[in-house]
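K.L.:
After the structure tokens below, expect a handful of questions from me.
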Amino acid sequence: MNTEATHDKTEALSTGVRLRNAREQLGLSQQAVAERLCLKVSTVRDIEEDKAPADLASTFLRGYIRSYAKLVHIPEEELLPMMEKHAPVRAAKVAPMQTFSLGKRRKKRDGWLMSFTWLVLFVVIGLTGAWWWQNHKAQQEEITTMADQSSAALNNSGNNGAQSVPLNTDSASTSSEPQTAETDSQTVEPVQTPAPAMTPDQTAAQNAVVSPSQANVDSAPAVTPTTTGNVNVTQPLPTDQAGVAATTADANALVMNFSADCWLEVTDATGKKLFSGLQRKDGTLNLTGQAPYKLKIGAPSAVQIQYQGKPVDLSRFIRTNQVARLTVSAEQSAAQ
């Protein structure tokens, strides 16, 4: 009867009460138990008071109780039935994984953004390439057109040069005829001047002797002084005029030296095309017109330009390797 009563009394005690009684029998304090089990004092107190902390999982609580029972020498089998009541195993609530779905959604959005970015980049690169190709093709067509125009201009200039030679010769011959006629008329006049009166004998003798000499005087000596006189009088005038014209022309002179074959076109302020064609290597071109000049040069690196004795800067066209289109004036030359 005593054994059964003791057993019933033991079953009536809760898990926490039995653990506290065993601790007190061993003379241990809650602080000592907490230090040995590496627990908080509040956790040991909750176990002895049969409290289940809300923030503590039942699995951990059952483990703490088992460790506490081993420490105070209580068999684990005696505590198992009471542990089911004191710390029942609660079903864990499995929360849906939001992080994976959010990451997948974010990854999908980033994928669309990257695709759009690459698409924009490809479009920009394509447009840039198309613009460069069109510009390059236009330059090639322009250079081809310039070369065709230059060859045609060279052919025309060759034909015009061949036709102009006889015309200049004829004009020179025609201009010389009036001068000869003038000299003849001037030489005849001194011969026809009246002679002083002479006796009949002297007249006859003089006619016999002088007649041959008069023929010679009419043919050669008379022409020579009059011709030289006319040349000395008339030639200085065109020389002075040419000097004045050369001085005026040099003020707007445009000099170009070529280090390689180059096509160019030069137009003055009146719209007159001074030159249009191809210049060969080591060539020099001197042009005079009314400033300012408009120049179109196919190869700027192959030409050196001087205007009014000052060089014209073509470096900006040489760097870009493009056809040079510029206007040369006195202000631009002074600024350079």
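Residue 1 is the first one shown; counting continues down the chain.
For all residues, glycine too, the Cβ spot is worked out from N, Cα and C.
The model shown is predicted, which means the values in this text are computed figures rather than measured ones.
Straight from Swiss-Prot, here's the annotation block:
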- 1-111: topological domain 'Cytoplasmic' (TOPO_DOM)
- 30-49: DNA-binding region (DNA_BIND)
- 133-336: topological domain 'Periplasmic' (TOPO_DOM)
- 152-164: compositional bias 'Low complexity' (COMPBIAS)
- 152-235: region 'Disordered' (REGION)
- 165-190: compositional bias 'Polar residues' (COMPBIAS)
- 200-217: compositional bias 'Polar residues' (COMPBIAS)
- 220-235: compositional bias 'Low complexity' (COMPBIAS)
K.L.:
So if I exclude everything within five residues of the ends of the DNA-binding region (30-49), which remaining residues of that chain have a CB under 8 angstroms from its CBs? That is, six or more out.
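P.N.:
Contacts of the DNA-binding region (30-49) (Cβ under 8 Å, skipping residues fewer than 6 from its ends): 15-17, 19-20, 23, 56, 61, 64-65, 67-68, 71.
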K.L.:
May I have the DSSP-based helix, strand and coil counts for the residues of the DNA-binding region (30-49)?
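P.N.:
Secondary-structure composition of the DNA-binding region (30-49): 16 helix, 0 strand, 4 coil.
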K.L.:
Taking all residues of the topological domain 'Cytoplasmic' (1-111) together, what is their mean pLDDT?
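P.N.:
Looking only at the topological domain 'Cytoplasmic' (1-111), pLDDT averages out to 76.
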